[in-house]
């Protein structure tokens, strides 16, 4: 039995990048005796909040990781998406009293930058597990 069951919400936008992030996240979870038990794919980072909420409502989910890549475009859209998504993600973690780890790279980065940051998937799992451990100590 896994130490912690982790849900993952993964953006389809920049799919090639987010799938690499998910692969690294699954490897990291397994190496730490945890498991990503449910993966929910959403259109983009801005669309994550409802899926995160649904996962947090499940008793069997101990934490949620978010995986996405917000790449800079011709407008400030990437800034708006990242700011609003990260704020809502933090709010959901507080509301449900479960860790929600931010594995979203960007904003203000190029596609090449995003490829260099696929390890955010691994980092999100690390953060989720550390938070579960710390919360269990309280």
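Cβ atoms are placed via backbone N, Cα and C, with glycine included.
Lifted from Swiss-Prot, the feature list:
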type	residues	note
BINDING	13, 45, 46, 47, 69, 70, 71, 102	5-amino-6-(D-ribitylamino)uracil binding site
BINDING	74, 75, 117	(2S)-2-hydroxy-3-oxobutyl phosphate binding site
ACT_SITE	77	active site, proton donor
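In terms of C-alpha distance, the listed recorded positions 75, 77, 117 place 117 closest to residue 69 (5-amino-6-(D-ribitylamino)uracil binding site).
With the fewest other C-beta atoms within 10 Å around its C-beta, 71 stands out among the binding-site residues 69, 71.
In the three-state DSSP classification, residue 70 (5-amino-6-(D-ribitylamino)uracil binding site) falls within a strand. For the pair formed by residue 71 (5-amino-6-(D-ribitylamino)uracil binding site) and residue 77 (active site, proton donor), distance between Cα atoms is given as 9 Å, rounded to the nearest Å. DSSP assigns residue 46 (5-amino-6-(D-ribitylamino)uracil binding site) to a helix in the three-state reduction.
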